[in-house]
Structures are given as structure tokens and as C-alpha cells.
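Engineer: These came from TrEMBL, pasted as-is:
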type: COILED; residues: 815-856; note: coiled coil
type: COMPBIAS; residues: 1046-1056; note: compositional bias 'Basic and acidic residues'
type: COMPBIAS; residues: 1057-1073; note: compositional bias 'Low complexity'
type: DISULFID; residues: CYS343-CYS352; note: disulfide bond
type: DISULFID; residues: CYS398-CYS407; note: disulfide bond
type: DISULFID; residues: CYS428-CYS440; note: disulfide bond
type: DISULFID; residues: CYS430-CYS447; note: disulfide bond
type: DISULFID; residues: CYS449-CYS458; note: disulfide bond
type: DISULFID; residues: CYS524-CYS536; note: disulfide bond
type: DISULFID; residues: CYS526-CYS543; note: disulfide bond
type: DISULFID; residues: CYS545-CYS554; note: disulfide bond
type: DOMAIN; residues: 21-248; note: domain 'Laminin N-terminal'
type: DOMAIN; residues: 313-375; note: domain 'Laminin EGF-like'
type: DOMAIN; residues: 376-427; note: domain 'Laminin EGF-like'
type: DOMAIN; residues: 428-480; note: domain 'Laminin EGF-like'
type: DOMAIN; residues: 524-570; note: domain 'Laminin EGF-like'
type: SIGNAL; residues: 1-16; note: signal peptide
Amino acid sequence: MWIFFYLAALAAVAAAQNDCYYGACYPPIQDLLLGRGHQLHASSTCGLTGSEVFCSPLGLSKMKCCPCDSRNPSSHLAHTVQNVLSTAGLDRWWQTKKDVNPVTLQLDLLNPFQLDTLILTFKVPRPNALVVERTLDNGKSWKPVIYMASDCHSAFPGVAMTTPRSLDQTYCKTMPPNPTYPYQDSTIVFKPLDLYSSISISNGEKIQGKSGLSGLRVRLTELGAVARVPGRTPSRFYALKEMSVMGSCLCHGHANNCLPDTSTNQLPRTLVSAQCECQHNTAGMNCERCAELYNDLPWRPAEDGNTHTCKRCECNNHAQRCRFDQAVYEASGQRSGGVCEGCLHHTTGPKCDRCAPGYQPNRRSRMDRPDACIRCFCNAAGSEDEGQCDDITESCRCKANVEGPSCNRCKMGYYGLSESKALGCSKCSCSSEGSVSSTCDPVSGQCPCRPNFQGQACDLSSNGYWNPESRGSEPCRCDPANSHGNTCDQRTGQCQCRKGFGGRTCTECPDNTYGNLLTGCRQCRCDAEGAVSEGCDKSTGACQCRPGITGTRCDSCSRGYCDSFPYCEACPSCFTDLDVQIKNISLILENLSNRIPTQAGGLLPSSMLPRVRAMEASLNQITNTLSLPPPSARQLKDALTQFIRIRERLGEADKAVPPQIQDPKLDSKLDELQDFLNKLNLRYNITNTASENFDNTGALTSIKNAYDQSTDATKKVIASKKTVDQSTAVRKNATDLQDEVQTPNTIDLEKINQQLNKPNLTPTAKQVCGSVRLSPCTPANCDGELCPPEGGPPCGSRARCVGALPLGTRAVGEALEVQDRLQQLNDSIDQATAQIKETQDTAKTLQKSMDTLANKTRQTSKELEADLNQTRDFVKELKIFLSDPTSDPTLISTICEEVLNAKEPDNLPGLKQKLQKIRDLLAELPKNTAVLDQTVPQLDTALRLLQEAKDARDGALSLQADADGLLDNLKTKEASLSVPEDKVLKSLELLNNINNNLDLVKNNMSAAEGSLSNLTDLTDGITTQLNGLKTLVSAGVQMAQNATEEADKAKNEADAAAKGPSASGGAAGEATSCRGEQQK
């Protein structure tokens, strides 16, 4: 019978495929509301809190009043919203409270569906206005689908009343007039697709744009009119007799059937489920995407005449999934956009069309076969393209500095094969002076060094030598008594001298001293801030000054350097220009002075005097305005003095100089001097103008006052110069005496002062105890607390800790937590190990029991088969015995009685059932064996996970050996503990699954063994009866043989004596009668 169902299913599938073959296909339309009554809600229902009475006209002059009590939904007086379902029964409806308006009916579908038709059957006067709305986001937002009203203009002003011309438009549909008697049933039918039938777009776009929904809402906005009758006023309310939401699952034209809901083991409650039975290589609940391996083209809804079937990605049979890439699709001219993912069989590439790194194409296969790529034996570090072989030559392509069949060694003169190096190996950097050759060790890069050289590149001198740039190096020659050894600086050759010695070989006076070791070393008299580090000349004691400093003791700034010693910085460029001009003026004045005659009657023209006086006035003006450094001021003062002398001498010689004896070069010299003065005066005027324009009286006053104070101080200093000189002499004598007598004490005191003032403990306290102190703390001055008081709040695990003590305290706490977690992890690992061992033993025992059961089953089967064969043979033998006319009638009668008295087993159906059960168990044995076979790799997986957990645990434990960055290591350890814990949990879960499978196998084996035992008990009775019959038949056969022999003997005698026929006939008659009974 099953084959007919199979053929029917194939036929149904073929019909479905043909239905969707040529274009879009859609599932059958059914009521979406059936099975979803609990998802239908109303904003108003009568009688939920107590009974209410509603009156409505009965005929033209009477009223009918009925109660509504929905507290018991099953009562015939209840009018809950679930009564609108088509399965609610006759005379059932939903009713609102009186005079409530508006009222909302809402159906939550929770998944996308397609609405085909909405049917509303009202029991009382139809509403004058309503709105049908839909949602696509499960009620987060609602959009109107259609407005309906008896008078659209008054009910929905502003809403269009013409048929929409695009999907984004809606309109109000005018409902037909109410019937003559409004209390008869009236029906409203709404089909969304009919509203847009005139729009020339595909049916799929219409369904997607207006028919798809995940929820439906009907808003009743205006009560229908009721007729007035004499007496009591009729009640106004909404009453809906039946509601049908006809539709199907939303499949975008890619399915013609909705699959039943299989999320539970119960029968489906809904008539229409949300899951589509997707066609066209689509997938998803609504066929909203392409299947995993069918993303070569972009997904599109199916259309009439075009299925838009998803195209399979070309992955050469090496991938199970792919994704759509828009950029790839556009680059291919919109022909193919699939990118394969998870390429198998050692392939890679967007189409799995290349061999992965470390593999090469198999020339004996094809790219679409599993053996398309075979392993390359190229060294990944030394070969190009990450170890791939050449597709044509199938040989390794070595990097530039690598050689060998598998690119596994550096070329001569190169070393350090590494994957990170673009050329594979680095070139040997052997020093030409210190190395024997330019080649080095191919692994370490060590060059062969000459004597007295060392280092990887032989570019360093050996101990006791220096200057490796010179061929052979030079001996250090350190004085053995004055140095700490025969080791010196590699570049300078400076030996490590003992205290009191200096020079390269420690045979001279130390720095800041001069003389020689034989006559004694004397202290240099140089200013420490102005002299070079060596202090003074070793022979003469002359101070060697730093650049920009001068003086015998290197204690003053050189010419061209401003500010005060020791901060001697180069003067600005303006000083340089002015200084050059002053020098030039001085030279001109000197030349001019030399040309003026010193005797009466000299040859100087009187016309020069005004020019000289004008120059003198300019110089005086500039001098009074500019503040120059002392050397420049002295030069300018000297120049003015020369001007004065020239002017006096010109005045004395003016009358005696004949006008015809004038030196023509004198005018040119004065012209040059005048040019210099003009330029200088120009710069002065610019500076003076800028000063006058700068209106800052207060600042100028402050500057003037400061200048006056400075002038007064200068005068006082000049006045006290003699006293200062005397004080300097006295201080020098005292200093010399102090140097001679108390030098050691002074040094000690300075060291003590430095020790008391210099060590600022605040940074150290911050690093040690997490101090928040900002002011310095020295042994000489430390007010307040240096470290936080004891008992303060500890540093939390998430807080930022500063200081070794808080960090250490937190580290101890976290270490204890990590230790506890490690202990728990160890316990879990031990537990998992024990469970794995126990599971392995159980699996081995079950395997042995399974083998034993299989052997026992096969043996029982053989025994049953042998018993059946023996029984068949016995039945044949019994037939022959009963059919033999020579058999003993008495024995035949006995056997017949035994056969007639033989009974079937007491429980023959039970025996057949057990036999069938044994057959089923035998059929299950391969499955149990497969379970046991799966147990081995699962146990291996559990062991591997457990070993990985142990390795991760050991890695976490190894972090304890590193004292640097302790907190970071603890955090790393805490993070690393999550890995082994997860692996242990996975291992335990796997063990639970294995144990469940093993328990199932145990139960199957127990049932099989019990069935075999029961079968043995059932067959024992049959075997006993068969054995008794066999004994009787064997005796009968023997007796028949004896009787035959006696009969032959009697016949011979009868023939001789003419006797015996009557006896034979009687025996034959008895035998025939028994056979008759047997046949009966």
C-alpha cells in the first residue's frame, strides 16, 4: 500500500512544480482567522463586567429587548469577539457596549501573510463609516488600506474619492445605501487587489505593496442610523455576526502551498501557517531570500511569466553556501554575483576555483572533483604565494634569497629563513675588517671572525681591544694598577680608571685636574658651568671654555653673546648688524684721525668741522637712546672721543690750514662716515617712531622707573666696587684655606645636603602605596601624610589602581579568585576525565555485550532454522510412515492420538509478536552498532576538548611565573579560564549525549535478551512434543521394518502353506481408518 502513497506524493510534488514552473504561483486562499481567535481583540465588548440590556425595533411599532452577559463566553447570552469566527456556530455574534464610538477590531497575525478578501457581516444597522488598516511591523505602525463610508465627504474630509492610480494612494469608497429594514444582516466585502486593477504593474508588486500584512485592524468610526419607534429609544451599538479574513502565507510568488506548523508535536491549530513551501530555489519563512547555494543572482519576487529563479553559484562542487555581492555582480555586467563561502577540499577563491595555499592542482583530476587539489610540499616561509606550487611546472617557486627543491634553505651568503621576509632570507652582514669571509651561518647569521674580533657580524673588538674599524683592532693597554681591568670602550679606547686617575689608559691625572702623577695633580680653577667636562689643559691648567663663554676661569659671556653668565646665548641679528657698523665707524674714525696733522699749521679744511659735529650729534643721540652690550658701548664711546678730539684739533688748525692744500681722500672718508651715520640714524628714527606711536604711558613709566632703579643700583655697585674687591680678596683667602683644610668636610656636607633635599619621595610613594600627594616630600621637609591611611577602601577590580601596594593587594585578591576558579576547573576536568573513563569502559562493555548478543542471536537463529528443518524432515518422515501400508496399526493409532492431543502454544499470537519483535530488534542491531561506532569519535572529541581545556589551564598557570605586568596577566588568566571552562562544559554535554545513547543501547539489548529468553521458553514445549513424536515415529519405523521382515517371512510361509491373507486385510483396514481420522 505504501507505494501508492509514495506515487501519490510524487504526483503531488510534480503538480506543485508544474504549477510554479512558468511564473509566479500562490498558495490556496483560506481563512486566516481560523485557529487565531485568541489573537483577535476588540476595544469594546458588552457584558464583560455584568449583564446589559439592549433594545432594538421589532417590526414597525414594537421593541425587542435582550440581555448581554459575556462573563461566561460559552453562554448563549455572551457576545465576545471570538463569536465572529465562522466556526462559532449559529446565532452567535460580537456586540459592543451601547453608544461607544469609535470601536476597533484588531487581528495580530505575528508573521507576514497575504490578504485576499475581507468579509464583514453585520447583524445590526451597518456602520456609516469604517477604515481598514494594515501593519507590516507587528503593530508598531498602521497604514490605511481603504476608507468606507455612506457619505465619504462628511466622514473623511480630505480623503480622495477617486480610484487610486498608484500604490502609494488610497481613497474612500462610498458604500451602497442601507436596506429598507436596517436590522437585517448586511455584508461588506473588500478585496485589496481589486482597488489597483487598473494600475499596469505586476501582480507581485501589488501583493507586496498592498496585500502583504502582519496584522489587520478595522476601525468602526460612525454608528449606523436606527429607526425611531414610539416608546423606548432603540439602543445604538455595533454588532458583527461573522468575520472572514481570506488569505494565505506570503511567499512572493515562489510557493503554491503553506506548510503546516511543526514547531510542536501537536496537531496544527491554524488553518493557514506562515511557512511557505518554497520553490524556485528560494528559502525562508516567506521565500524572501535565495537558498544558501543559490545566490548568483539577486533575489526578486516571482512575476507572471517569469519565475526569477535563484541561480546556483558556480562553486565547482566545493561549497555548500554562497553569498550575493553587488560589486561582483556589477563588475560581471550583471551576469554573476555569487561569492562562494567555506570552500572545501583545499580550494579557495570566489568560485572555489583555485587551490588553497599549500596545495596545487591535481593533474589527474578536474577542478570540480574532491581530489582537485593535492598538498604542496613547498616551505611556506621560503616560497612565494604562501607555499603554492607553480600550476604549470608543479615545482616550488622560491623567494629571491632562497633555494632548494622545497625552498627550505637560504642561499650562500644569506641567513634566517622566515615567512615575514619578502625575500625569504637576510643578507649576511659580515664586517670586512673583522670577518674571515662574507658568508655566515645560514640559520643564526654568525660570521666567521678574525682574531681579536667578536659579534654576529664580527664588527666588535674582543675583550682587551678597541677600534674595530682598524684591521686587527688595537690593544686597550689599560694600566693594570690604575684601572679596573683591561677592558675599554670599543670606539674611544677609554679604560675604566680607578678613582684619582684619568687619561685613556689611566696613566694621567683625572678630569678637572692638571699636572702629572709623579709631581701631583692640582685642581683646575675653572668655573664648572663654563668649562668643558675635562676642565682644563692637562699640562698648563688653562681652562677650556664652552662655546660662547670666555675668561680665564670661563666665567663670562663672549662678544656676540647676550644675557648673563652662565646662560650665554647668541645675540639677535640686529646686534650683529649694529656691531658691524660700529666696527666700520671705528675703523673709519681711526683712519681719519691718522690723517689729521699733529703740528701747528696742519692741512685740515675748516669745512669738515660742521660735518664732524653733525656726525658727533647723531652718535650722541643714538648712544643716549640705545642700550648696547658693554663691548659695543665701549667702542661707540671711543668713537665719540675720537670725534671730540678731531673737532678740537680741527678748531685749532682751522685758521692755519691753507684751502689749497687739502687731502682729496679726506672728503671721501668723511662721506663714507656720513653714509654709515645716515643708515644708523635711519634705523634710530624708525625705532623712535615706533616707540612714540606705541601709546602705553603706564608701561613706559614702569620702564623708566625700572631704568632709574637700575641706574641707581649700578652707581651703588660702582661705589662699592672697592669694598667688593676687598671682600673678594678675603673670600678668596678663606676659600683657599677651606680648600686646603676642610675640603673633605665640605664634600661630605654637600653630599648630605643633596641627600636631604634631592630624594623627592612623592613619586616613589605614588608608585609604592598609591599616594595622592602632589607636593614634594624630602627627608628635610615632608609635611602631611605621605601614603593613604591604613584601613582605607581597597582598590576594586574595575577601578584604576596606582601604586605597587594597592596593585599587589588587588592582585592577591584576584589571584585567590583565579586560584578558586582553577581549583574548580581542575575538579571539573577530573570529573570529566573520570566520566570519560567510565563511559569508555561502558562503551567497551556494551560493545562486548553487543557482540555476544549478536552471536547469541545468530546462534538462536541457526538453532531455530535447524529445528525448523528437522521439523520439516520429521513431518515428511511422519507422512511416509503413515502412508506406509506395512506400519503397525497399533503404533499408528498411538501416533495419531499423540498428534491429535498435541496442542498449539498457549499464546500463539504472543509467540508471533515476540518473533516479530525479535526481527525488529535484529533490525535495530546495526543502528545500535552505529551508535557505538559513533561513540568512539565522540569520546575522542570529548578527550580532545578536555585536553584543550588542560592546555588552556596550563597556559593560565604559566602566567603565574611572570612577575612583570601581574595584573594584566591575572586579567589574561581570568579571560583564559573561560576557554577551558567552556571546553569542559562542551565535553560534559557530549558525555551526557553519549551516555544517553549508551543507555538506549542498553535498553535495546536488555529487550533483545529478554525476547530471546522468552522465545527459548516458548519453543521448549514444542520441542518436547516434537521429540516425543520423533521417538514414537522412530519406534514405529523400526517396528515397521521388523513387521516388513516378518511379513515377508510370513508370506513366504503363506505361499507355502496357503495362509495369511485375512490377517493382512484386517491390518490394512485399521490403518485406513486411522488415516481417515488423521485426514479429518
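Every residue gets a Cβ built from N, Cα and C, even glycine.
Because the structure is a prediction, the values reported are computed rather than measured.
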Engineer: Hey, which of the disulfide-bonded residues CYS352, CYS447, CYS543 is the loneliest by Cβ count within 10 Å?
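Structural biologist: Output over disulfide-bonded residues CYS352, CYS447, CYS543: least Cβ neighbours within 10 Å is CYS543.
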Engineer: Of the disulfide-bonded residues listed here (CYS458, CYS526, CYS543, CYS554), which is spatially closest to CYS536 (disulfide bond) when Cα positions are compared?
Structural biologist: CYS543
Engineer: Between CYS343 (disulfide bond) and CYS398 (disulfide bond), how many Å separate their Cα atoms?
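Structural biologist: The Cα atom of CYS343 (disulfide bond) is 27 Å away from the Cα atom of CYS398 (disulfide bond).
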Engineer: Which ones are near CYS458 (disulfide bond): of the disulfide-bonded residues CYS352, CYS428, CYS430, CYS447, CYS524, which have a Cα within 10 Å?
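Structural biologist: Checking Cα-Cα distances against CYS458 (disulfide bond), the disulfide-bonded residues within 10 Å turn out to be CYS430, CYS447.
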Engineer: Near CYS526 (disulfide bond), which of the disulfide-bonded residues CYS352, CYS440, CYS447 can be found within 10 Å, Cα to Cα?
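Structural biologist: Near CYS526 (disulfide bond), where near means Cα within 10 Å, there are no disulfide-bonded residues at all.
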Engineer: Does CYS430 (disulfide bond) have same-chain partners at least 6 apart in sequence with Cβ under 8 Å from its own Cβ, and which are they?
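Structural biologist: CYS430 (disulfide bond) has long-range Cβ partners SER437, SER438, THR439, CYS440, CYS447, PRO448, ALA457, CYS458.
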Engineer: Could you tell me the C-alpha distance between CYS554 (disulfide bond) and CYS449 (disulfide bond) in angstrom, no decimals?
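Structural biologist: Cα-Cα, rounded: 48 Å.
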Engineer: Using CB atoms and a 10 A radius, I'd like the single residue among the disulfide-bonded residues CYS449, CYS545, CYS554 with the highest neighbour count.
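Structural biologist: Per the Cβ count, the most surrounded site is CYS554.
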Engineer: Out of the disulfide-bonded residues CYS398, CYS428, CYS449, CYS545, give me the one sitting nearest to CYS524 (disulfide bond) by CA distance.
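Structural biologist: Smallest Cα separation from CYS524 (disulfide bond) among CYS398, CYS428, CYS449, CYS545: CYS545.
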Engineer: Where the distance is taken from Cα to Cα, which of the disulfide-bonded residues CYS407, CYS428, CYS449, CYS543 turns out closest to CYS352 (disulfide bond)?
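Structural biologist: Closest by Cα: CYS407.
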Engineer: Using C-alpha atoms, which one of the disulfide-bonded residues CYS428, CYS543, CYS545 comes nearest to CYS398 (disulfide bond)?
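Structural biologist: Sorting the disulfide-bonded residues by distance from CYS398 (disulfide bond), the top entry is CYS428.
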Engineer: Any idea what the model's mean pLDDT is for the domain 'Laminin EGF-like' (524-570)?
Structural biologist: 84
Engineer: In the domain 'Laminin EGF-like' (524-570), how many residues does DSSP put in helix, strand and coil?
Structural biologist: 0 helix, 17 strand, 30 coil
Engineer: So of all those disulfide-bonded residues, CYS407, CYS428, CYS543, CYS545, which one's Cα sits nearest to CYS449 (disulfide bond)?
Structural biologist: CYS428
Engineer: Tell me the Cβ contacts of CYS407 (disulfide bond) under 8 Å, same chain only and six or more apart in sequence, or just say none.
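Structural biologist: Within the chain, CYS407 (disulfide bond) has Cβ neighbours under 8 Å at CYS378, ASN379, GLY382, SER383, CYS396, ARG397, CYS398, LYS399, GLY424.
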Engineer: Are there any residues in the same chain, six or more apart in sequence, whose C-beta is under 8 angstroms from the C-beta of CYS428 (disulfide bond), and if so which?
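Structural biologist: CYS428 (disulfide bond) has long-range Cβ partners GLY413, TYR414, TYR415, SER438, THR439, CYS440, GLY445, CYS447.
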